[in-house]
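Remarks on the structure that follows.
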C-alpha cells in the first residue's frame, strides 16, 4: 500500500494496511489523460502544472481541512507498470476504500449542487435528481465498490461544490442503484443473495472486458489472479470462486439478454447484465449440493418433463433450481446424453405461476437427480437428423483442390464463416421453413468437374456418408462427404466434412479403407483418420460392384467374406478364388482352413467356430473337388481308443472282407454321442499324427470311421476333450504339422 503525503506529495509505503495511519481516498472516473505514478516520481513540478492534477490537489486540500495527512488516489498511487502490484492493489481495493476515513466522490459531469428545498425521499423526480443519478460515475463498474465500501462518502460537483454525504442522499441512491440503504450505510452484505449483488452491476460497464469481473472481487470477498486477455472467462472464473464459498443457488437465476431458441448454455451467466431482472431479495436459495468438477458443474436437481411427449425420454426437462415454499424457480434443460444437460431457452426463468401450465395434472412429484452441466459442448456428437434447436450447417473441411462454386439455398449463407443459418418458424422453433440447401463444389484445376451435395436431405435421411466420384487417374481414392451434428460454440450445427477415402488397392482390400483428411498417408504425418463402419463398408462394396460392372472387370470371381470385430476394430478377411483355377490346381482344405485361421486369430473365441463353419460351408458348396480331397485328411482314428467292434471292422475292411457300405459305429450314435466320441480322440497333435499312421485310408471310401457329417467332424476339431474352444493359433499349428 502506497500513500501520498497531502503537503509534499511524496509517497509513503505502508506494509500493514491495518495500520493506524489515517487517510482520505478519492473516487472518480478516469479520463484519457491522468497523472500517474511515474509523473509524480520523476517529474513532480511539471505534473503539478497539468490540468489533470487538479483532482489530486483538491483531494489533498480537503483532506488537510478534514484533519488527514495522507491521501490515496488510484490513478497515481499504483505503479501499473508492475503486474504484481496491480494485481495486489485490485484484490485489496475494496479494503482500501473500506479502511479510509472518508471518501471524496468527484462527479465531473454534475455542475451544481441540489437546489434549495430539494429533499431526499426516494421518489423525487426533479430535473436535478435525474441529472444526478445519470452521472457517468454511476455507470462505471469500478465505482460500485467505491460507493458501498467507504463508511463515509461525500459527493462533489465538477468545481468541487459539496452535493451531500451518502447518508443525506441515501434514499435517492437506493432507489436508482437498487442497493438497500443498510448496505449503502455500511451494514455489510449479511444475507444478501449472490444474484442480488450481481444485479447491482447489471447496468455498469468497464473499459476492459475482464474488469467487469475484477471490479466485483471485493463485493464477493474473492481473491483470484488477474489474467488480462482471457475475456469473458474472467467472469466465469469469478462465479467458480463464488460457489466454492457458498451454496447460494440464486447464482443460477439469470436470464439471457438476447432471446434465442437455438442457444445451448451452461448454468453460469456470461455477464452481470443477465441478472438485471432479479428482484426477489428475500428468496431463500442456500440449499443442496453443487460443485465444479473436471467434467463441469455437478449439481443435484429435481427434473420435471416439460410435456407428456418428453416424459418418457426426458429430452427436455424443467430443472428446479430453487424451492421457495410453494414457489419453484426453474430453468429448461436439454438432455445431451448420460447425466449431461445444457440449458436452453435461457432468456426465461419459470416460476410456479407460469410453470403450472406446463406441468401435467397427473405428473408425479419431481425426483432429484445428479446432473452435470459440462464446461464445453465440443465432445457431444450426434447423427445429423433434424432437431428443432438446430441452428444450421457449417462446412468444416474440404480438400484444398476443391472450392465452393455456389450455394443454392433459401436460408442465410455466410460465405466468410461458411455457415448456413436455417430459417425457423417464429413460434417455439416448431421446425424450419421448407429448406433447400445445395452445396456445389468444383475442382480448382478443372471448374467443369463439379460435385453437388444436398445438405437439406441430411437432416431427414442421416447416417453413413455420400461418395463423390473418383479422383481421375488417382486409383484407389474417392471423395466422401459425411455430416455429423455437433456444437459450434453455443450452437448445435451440422458439421459437413468432405474428405478422402484412402486405401491400398481400393477394390482389393476393402478392410484397409480409411476416411482421412490427407490424400496420402505417410509415416509420421498427422491427420484425422478413422476406420469405416460396417454400414459404410457395405456402401463402399455396393459402389465398388457398380464400378466393376461399368469397367467390365472379370465376372467369374467369387468372394467369400467373413468379418469379425475385435476391441473396436473391424477385421475383414476376403478369400477369392477363380473356379477355373481351382479345377486346375485344387487347394487342399487344410491349407484353406489354415489360411482362414491365420487371418482370424484375433477374433473373439465365441465367434470363431461360427466364422470357420460358415467359411468352410461356403467353400464346400463351390469347391466339391476340394471337399473330396481333404475329407480323408480330416478323419481321426486312434487305434488305442477305438472300441473292439470298431477295430475289427477296420481290420476286416483293410483285408477286403467288409462291404463298402458297412457303416461305422459312429453312424449308430446320435449326433451328440458322435460328437462326444470324436471329441475324446482329438486331444493333441500327436493323436492326429498317430491316427494318420495307424489307420489306412481307402481311395474308394475315404469316410471310414468318421461322423455322418464332415461338418460335425470339423466342429469337433475345434473342441477340446473338456468341451472348451480350441485356441485358433494352436489349431493352425496342428493342421500345418498334420499336412507336413
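We number each residue from 1, going along the chain as drawn.
Just so it is clear, glycine is given a Cβ too, placed from its N, Cα and C backbone atoms.
Not measured: the values here are computed from a predicted model.
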Between the ranges 543-583, 584-624, TrEMBL assigns region 'Disordered' to 543-583
Looking only at the domain 'Heterokaryon incompatibility' (23-146), mean pLDDT returns 93
Secondary structure split (DSSP) over the domain 'Heterokaryon incompatibility' (23-146) reads 61 helix, 14 strand, 49 coil
